[in-house]
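Student: Below is the structure I would like to discuss, written out as C-alpha cells.
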Amino acid sequence: CALQCQRFLISKVGEDWVFLILLGLVMALVSWAMDFAIATCLQAQKWMYGGLDTNVLLQYLAWVTYPTVLITFSAGFTQILAPQAVGSGIPEMKTILRGVVLKEYLTFKTFVAKVIGLTCALGSGMPLGKEGPFVHIASMCAALLSRFLSLFGGIYENEARNIEMLAAACAVGVGCCFAAPIGGVLFSIEVTSTFFAVRNYWRGFFAATFSAFIFRVLAVWNKDEETITALFKTRFRLDFPFDLQELPAFAVIGIASGFGGALFVYLNRKIVQFMRRQKTINRFLMKKRLLFPALVTLLISTLTFPPGFGQFMAGQLTQKDTLVTLFDNQTWAKQGLSDEFEYLGILEAWRHPRSNVFVTLVVFILMKFWMSALATTIPVPCGAFMPVFVIGAAFGRLVGESMAAWFPDGIHTNSNTYRIVPGGYAVVGAAALSGAVTHTVSTAVIVFELTGQISHILPVMIAVILANAVAQSLQPSLYDSIIRIKKLPYLPELGWGHHEKYNVRVEDIMLRDIHYVTPNCKYRDLQHILQSTKMKSLPLVESAESMILLGSIERTQVGALLSQQLSPQRRLLALRQKVLAENEHRPSDASIRFQVREMAASGDARTGCPPPPSHHPLSPTADQHRDLLRCPHPCLPPQAPEASIEAGAQCPSREPGRMTPAEILEWEEQQLDQLVDFSSAKIDPAPFQLVEHTSLHKTHTIFSLLGLDHAYVTSIGRLVGMVSLKELRKAIEGSLTAKGVKVRPPLASFRDS
C-alpha cells in the first residue's frame with residue numbers, strides 16, 4: 001500500500017499543478033518576506049530621523065547616510081555575487097522566452113543576489129520599483145524548481161516545457177508583487193511575448209491567483225490587515241463616480257501621459273548613453289564601481305530631505321504612503337471658507353504653510369521624474385514601474401485638484417450636485433503613465449485590482465489607450481529600450497507607419513554570399529569556413545554547381561569533425577603504425593642490437609636504469625618498461641632525453657610517442673587533404689527555408705512565432721541566400737534613414753519595370 005501511495009504521489013509530482021502550487025507558494029513567501037524587510041528598513045530610517053529632531057545637521061546626516069550605505073551595499077553585493085542580477089530582468093526574460101540562451105541568468109546565485117540586492121535597494125527609500133525584478137525572481141524560482149523536480153524524472157527535462165513554465169512564472173512575479181493576479185497575467189503576456197500560447201493561460205492564472213492569495217493571507221496572519229483587501233484601498237462613491245463632461249479631462253491625462261512616458265524612456269536611455277560615451281567618466285566609473293550609485297543616492301536623498309527642499313515635495317513619505325495619500329478621495333484645495341480641509345496623519349506632508357498644494361504637486365512631479373529616470377540607471381536590482389506609477393498618480397491628482405478648483409461645486413447636472421473626486425483622476429493618471437512607459441494596456445486592470453474599485457473603468461481605459469497610442473508612435477517601450485542598450489538579440493515590432501515594409505521581400509534583404517559545406521569537401525575547406533565565418537550553423541549543399549540544399553550542420557559539429565581528424569590520439573596511432581611498418585621492413589642491424597643487449601644486461605651506469613628481466617633482454621615487464629622510458633636511451637644523443645619518444649623508430653625497445661613540430665605539421669597537412677567523413681555528424685535534414693518572394697511581414701511573423709535566429713532562402717530547392725535576425729532588424733529599423741528620406745528597397749525599380 002505504501003509503495004502504491006508513493007508511486008501515485010511521484011507520478012503526480014510530475015504534473016503541472018503541483019509545480020504551479022509550489023511556485024506560487026514560494027513566490028508569495030519571498031514577496032511577503034521582502035515586503036516585511038523593506039518596511040522594517042524604511043521604519044528604521046524614519047525612527048533615526050525622528051529621534052534626532054533636536055539637531056538638523058545630525059538629522060541630515062542620518063537621512064543621507066542610511067540610503068547611501070544600503071544602495072552601495074546592494075550594488076557591491078550584486079557586483080560580487082552575480083552581476084546578471086542588476087536592473088529590471090524583464091528585458092532579459094523577453095529575450096529568454098524568444099528562445100535565446102543567456103548564461104547564468106536563471107541560477108541560484110543570481111536568485112540570492114537579486115533578492116538581497118532588491119531588498120536593500122528598496123529599503124533605502126530611493127524611487128525604485130520591485131515589479132520588473134519580481135518577474136526575474138519568479139522565473140529563477142521556476143527554473144530552480146524545474147531542476148529540483150527533474151530528480152523525480154520525466155517531463156521537467158524538456159526544454160520547450162521549461163519555456164512554458166517561465167511564461168507562467170512571469171505572471172506569478174507581477175501577481176504576487178501587487179496581489180493582482182488578473183492584471184499580472186495580462187501584463188506578463190503583453191511585456192514578455194510577441195505571440196502567446198493560450199495553453200499556458202490557465203497555468204499563469206492558476207499560479208498567480210494562488211500566489212496573490214497566499215501573499216494577502218500572510219498579511220492577515222501578521223495582523224497587518226483584518227481581512228484580504230486590496231493593497232491601496234480607495235473609497236470613491238459608486239452611485240455617481242464621474243460626470244460625462246469630465247471625460248475630456250481624462251483624455252487630456254491620457255495624451256499628456258503618452259508624451260510623458262515617451263520622454264521618460266528617452267531620458268533614461270540618454271543618461272545611460274551619456275555615461276557610456278564619456279570616455280573619462282566611463283573609465284573612472286569602471287574603476288570605482290560603487291561611486292556612481294553612492295553619488296546618485298546622495299544627490300536624491302539630499303533633495304528629498306524634509307526640512308530642506310523635501311518640504312516642497314512631500315519628501316518624508318515612502319512610495320506606499322505617497323500612493324495612499326494620492327488616492328485619497330477628499331479634495332485638498334481650499335474651496336471657500338465653509339469647509340476648511342483638515343490634513344490628517346500622513347496627509348500633513350502635502351501641506352506647506354507658504355505655498356498651496358498645486359505648487360507641491362508640480363514640484364513633486366518634476367523632481368521625481370528625473371530622479372526616477374536617473375535612479376533606474378544605478379547598477380542595483382530595481383524596476384521602474386512603481387516610480388512611474390507614483391508620478392502618474394501625482395499628475396492625475398494635479399489635474400483632479402485643478403478641476404475641483406475650477407468647478408468648486410462640481411459640474412452641474414439637473415438639480416443634483418456631485419463634487420469632483422481628485423482621487424479618481426490620480427488612479428487614471430497612474431494607469432496611463434505606467435501604460436505609456438511599458439506599452440501595455442493591462443495597467444488598467446492592475447489599477448482596478450490595486451485599488452479594489454472598478455468604478456472608473458471607462459476613464460481609465462480611455463486614458464490608457466490614448467497614452468499607448470501616443471507613446472508607441474514616439475519611442476520603444478522601456479524594456480525594448482533596455483534590450484537595445486544591452487545589445488541583446490531581439491526583433492523589433494512591425495509598428496505603425498510601416499506600410500512601406502509590406503512591399504519589401506526577402507530577396508531585398510538576404511545575404512547572398514554565404515559559406516556552405518558539401519558532402520565531398522575536404523577537411524581543409526572546413527577549416528577555411530570556420531576561420532572565415534561566425535555563422536552558428538552552416539548549410540550543407542549537394543555540390544557547388546547544383547547548390548541543392550540538403551540540410552544544415554551546426555558549427556560545433558563542424559569544429560568537432562575537424563578536431564577529431566587532427567586529434568593527438570590519431571597522430572599517435574599513425575606514428576605507431578609507421579614504427580611497426582618500419583620495424584618489419586628494417587634489415588637486421590646486428591651491431592645496434594648487440595650494443596643494446598650489452599647495455600641492457602649491465603644496467604646503465606650513467607643513469608641508474610635497471611636492467612631488463614633475464615628471460616628476454618628485449619621484452620621488459622610493465623614496471624621496468626616505465627623505468628626504461630624514464631632513462632635516456634643509449635641509442636639517443638645524451639643531451640635529449642625528452643626526444644627519446646619521438647625517436648622511437650630508431651630504438652627497438654622504445655614505445656613510439658611524439659613527433660617533431662615539423663613532422664606534426666606535415667602530418668596535419670596530409671590529414672587536411674582527406675575527404676570529410678560526415679557519418680558521425682548530426683545533420684539537420686530540414687532546416688527552416690523561405691522563398692525569395694516571402695514578404696518581410698510574413699518573415700517577421702515566422703521568426704517571432706518560432707523563435708528563429710536564421711532561415712535559408714531557396715529557389716526550387718537551390719540555396720540562394722540566408723536571412724538572420726540581424727538583416728531582419730536592419731530592414732525593419734532602417735526603413736527611414738537619419739534624414740527621414742524613405743529608402744526604396746534595392747530591387748524595387750527592377751521589380752516595378
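The backbone N, Cα and C atoms fix where each Cβ goes, glycine too.
Note: TrEMBL annotation is automatic and uncurated.
Straight from TrEMBL, here's the annotation block:
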type     : residues : note
TRANSMEM : 17-39    : transmembrane segment
TRANSMEM : 60-82    : transmembrane segment
TRANSMEM : 134-153  : transmembrane segment
TRANSMEM : 165-189  : transmembrane segment
TRANSMEM : 201-221  : transmembrane segment
TRANSMEM : 247-269  : transmembrane segment
TRANSMEM : 290-309  : transmembrane segment
TRANSMEM : 385-407  : transmembrane segment
TRANSMEM : 427-450  : transmembrane segment
REGION   : 601-625  : region 'Disordered'
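A description of the local structural setting of each listed feature is requested, covering burial, neighbours and distances.
Tutor: Long-range contacts of the transmembrane segment (60-82) within the same chain: residues 41, 44-45, 48-49, 52, 104, 107, 109-110, 112-114, 116-118, 120-121, 123-126, 289-290, 293-294, 296-298, 300-302, 305-308, 378-381, each at least 6 residues beyond the stretch ends and with a Cβ under 8 Å from a Cβ of the stretch.
Listed as Cβ neighbours of the transmembrane segment (134-153) (distance under 8 Å, sequence separation of 6 or more from its ends, same chain) are residues 10, 13-14, 19, 22-23, 26-27, 30-31, 85, 88-90, 92-93, 96, 105-108, 110-111, 114-115, 118, 162, 165-166, 168-170, 172-174, 176-177, 188, 191-192, 381, 383.
Remote same-chain partners of the transmembrane segment (201-221), defined as residues 6 or more beyond its termini with a Cβ less than 8 Å from a stretch Cβ, comprise 16-17, 20-21, 23-25, 27-29, 31-32, 164-165, 167-172, 174-176, 179-182, 184-185, 188-189, 227-229.
Nonlocal intrachain contacts for the transmembrane segment (247-269), taken as residues 6+ away from its ends with a CB within less than 8 angstroms of a stretch CB, comprise 369-370, 372-373, 376-377, 384, 388, 391-392, 395-396, 399, 403, 425, 428-429, 432-433, 435-437, 458-459, 462-471, 474-478, 481, 484-485.
Under 8 Å from some Cβ of the transmembrane segment (290-309) lie the Cβ atoms of residues 49, 56, 59-60, 63-64, 67-68, 71-72, 74-76, 79, 124-127, 275, 284, 315-316, 367, 371, 374-375, 377-380, all in the same chain and six or more residues away from its ends.
Here the transmembrane segment (427-450) has Cβ contacts under 8 Å with residues 174, 178-184, 186-187, 189-191, 230-232, 234, 250, 253-254, 257-258, 260-262, 264-265, 323, 326-327, 384-385, 388-397, 399, 456-457, 459-461, 463-468, 470-472, 476-480 of the same chain, all six or more residues outside its ends.
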Student: Sequence-remote contacts (6 or more beyond its ends) of the transmembrane segment (17-39), Cβ cut-off under 8 Å?
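Tutor: Same-chain contacts beyond the ends: 115, 118-119, 122-123, 130, 134, 137-138, 141-142, 145-146, 149, 165, 168-169, 172-173, 176-177, 203, 206-215, 218-219, 222.
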Student: In terms of Cβ proximity under 8 Å, which residues at least six beyond the ends of the transmembrane segment (385-407) contact it?
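Tutor: Distant contacts of the transmembrane segment (385-407): 127-132, 246, 249, 252-253, 256-257, 260-261, 264, 319, 322-323, 326-327, 331-333, 335, 357-358, 361-362, 364-365, 368-369, 371-372, 375-376, 419-434, 437-438, 443.
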Student: For the transmembrane segment (165-189), give me same-chain residues lying six or more residues beyond its boundaries with a C-beta closer than 8 angstroms to one of its C-beta atoms, as numbers and ranges.
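Tutor: Here the qualifying positions are 19-20, 23-24, 27-28, 30-31, 93, 96-97, 130-131, 134-139, 141-143, 146, 196-197, 200-201, 203-209, 211-212, 214-216, 230-231, 438, 440, 442-450.
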